[in-house]
Amino acid sequence: AILTGVPYYILPSTSRAGFSPDNLRKNTSQLSCPLDLITQLRFPRRIGVPVIFTPQNSSLKVVPLSHNLNIHTCSDLWFCPESKIWTVKSSLTHGGSVVTTGGTFRSLGSWFRIERHGDSYKLVHCPRGSTPCRDVGIETVGGGGRRYLAPRDRPLAVRFTRASG
């Protein structure tokens with residue numbers, strides 16, 4: 001079970017590589033805010049940055065499947081004025097929508113869900129807090145092959161590992 005308010009890594013079910021906000025560890029003068037979420041698939045030993053799940057029903061101690069929740073990047077290193085809450089926004093840089101930070105707690109546009117996907121799980125984005133929701137998958141952008149989380153027809157199968165300490 002995934003516990004509310006406890007940090008977890010979101011990992012692709014077939015890899016140890018996780019997700020982290022783009023540019024989080026770069027020189028702060030080069031930051032472009034808000035920070036889009038990238039995969040660390042090219043760096044399989046990097047498990048990314050943990051997140052905290054907060055269900056819409058804040059009295060729940062366990063995060064339920066197929067219910068609205070906010071995803072909050074759990075990092076002490078943060079240089080952007082925007083929030084650490086995940087949302088989906090259009091990106092001129094990437095030519096489509098991407099999962100990014102800067103969402104608003106408990107508001108439309110920042111709702112995601114965890115759903116079963118075979119033997120794994122998947123994330124879906126529910127912009128209105130109800131259906132239709134869209135699967136979150138991988139979008140490869142540019143010659144450098146950066147892989148961003150984005151609404152896609154093909155979901156990324158994921159698993160969750162509790163962050164230690």
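Along the chain as shown, residues are numbered 1 onward.
Using N, Cα and C of the backbone, Cβ positions are placed for all residues, glycine too.
As annotated by Swiss-Prot, N-linked glycosylation site applies to Asn27 (among others).
Cys33 (disulfide bond) is surrounded by 15 other CB atoms, counting those within 10 A of its CB over all protein chains shown. Look at Swiss-Prot and you will find Cys33-Cys80 (among others) tagged as disulfide bond.
Asn57 (N-linked glycosylation site) falls outside any helix or strand according to DSSP and counts as coil. Annotation comment: Swiss-Prot describes Asn57 (among others) as N-linked glycosylation site.
Of all Cβ atoms in the shown protein chains, 21 besides its own fall within 10 Å of the Cβ of Cys126 (disulfide bond). In this structure, Cys126 (disulfide bond) belongs to neither helix nor strand by DSSP; it is coil. If you look up Swiss-Prot, you'll see Cys126-Cys133 (among others) marked as disulfide bond.
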Distance [Cα-Cα, Å, rounded] between Cys80 (disulfide bond) and Cys126 (disulfide bond): 25
Sequence-distant neighbours of Asn57 (N-linked glycosylation site) in its chain (C-beta under 8 A, six or more apart): His67
Cβ neighbours of Cys133 (disulfide bond) where a neighbour is any other Cβ within 10 Å: 20
